[in-house]
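Chemist: Dumping what TrEMBL says about this protein:
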type	residues	note
TRANSMEM	12-30	transmembrane segment
TRANSMEM	42-65	transmembrane segment
TRANSMEM	85-103	transmembrane segment
TRANSMEM	109-130	transmembrane segment
TRANSMEM	137-153	transmembrane segment
TRANSMEM	159-179	transmembrane segment
TRANSMEM	186-204	transmembrane segment
Amino acid sequence: MNRTTTVTARVVSYVLQPIFIPTFGIIMLLTGDAALSILPAAYRISIAAAIFITTGVVPALIVLLGMMTGNVSDGFISQRRERTWPYIVSLLGYTGCCLWLWHIHMPQFYIAPMIGSTISLMLITIINLWWKISAHGASMGGLAGGIIAWSILSGTDPLWLICLTILLGGIVGWSRILLKAHTPAQYCCGWLLGFISVATSWLLV
């Protein structure tokens with residue numbers, strides 16, 4: 001494995017890591033959904049910011065604190081046993097985000113993908129006690145599941161976006177397997193878990 005390939009895999013893993021995916025997803029929803037795109041810009045920005053803070057900043061700070069105290073070995077939390085507490089704190093952030101969206105009277109239709117992501121993270125936290133299932137996979141699967149569910153419910157056909165998301169999921173899987181962070185089974189199971197959790201939550205609303 002040459003240096004260029006390794007660097008590329010690391011860049012992909014950093015750019016498309018789980019702490020960013022919910023924010024990417026809500027930005028796409030806020031700009032692509034007809035009902036949400038007409039809302040005041042300040043309102044949409046506040047929603048995106050809240051999701052970024054609760055699902056991105058909070059988990060990142062926990063990992064950083066863990067690295068500073070020696071409880072986490074690296075930014076990707078490569079060791080399975082080190083993931084439990086960061087996952088639990090992240091789960092609290094996700095739950096808080098769902099409650100905040102409900103508090104501001106966001107329609108259930110739009111809270112559903114966040115609920116699905118929270119369920120996915122909860123299951124990952126439990127499974128991780130025995131097996132290092134991929135959070136990268138779950139986040140990419142959740143993004144794909146959310147886009148497909150939204151397209152079904154809204155009657156739109158963003159085929160290019162669905163294909164792009166699935167392609168990116170494959171690229172992320174390649175990077176995680178290449179870096180020996182996960183086995184193919186761990187990544188694929190994570191992807192399926194995220195896909196089913198988010199898609200089902202949205203379709204059942």
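Note that Cβ sites are derived from N, Cα and C of the backbone, with glycine treated the same way.
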Chemist: Where else in the chain does the transmembrane segment (137-153) make close Cβ contacts, counting only residues six or more beyond its ends and a cut-off under 8 Å?
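Modeler: Long-range Cβ neighbours of the transmembrane segment (137-153): 16-18, 21-22, 24-25, 28-29, 33, 109, 113, 116-117, 120-121, 124, 161-162, 165-166, 168-169, 172-173, 176, 182, 186-200, 202-203, 205.
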Chemist: So which of 12-30, 85-103, 109-130 has the most C-beta pairs under 8 Å when paired with the transmembrane segment (186-204)?
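Modeler: Selected stretch: 109-130, with the most Cβ pairs under 8 Å.
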Chemist: Near the transmembrane segment (85-103), which residues from the same chain, at least 6 beyond its ends, have a CB less than 8 A from one of its CBs?
Modeler: 47, 50-51, 54-55, 58-59, 62-63, 66, 71-72, 77, 110-111, 114-115, 117-118, 121-122, 124-125, 128, 135
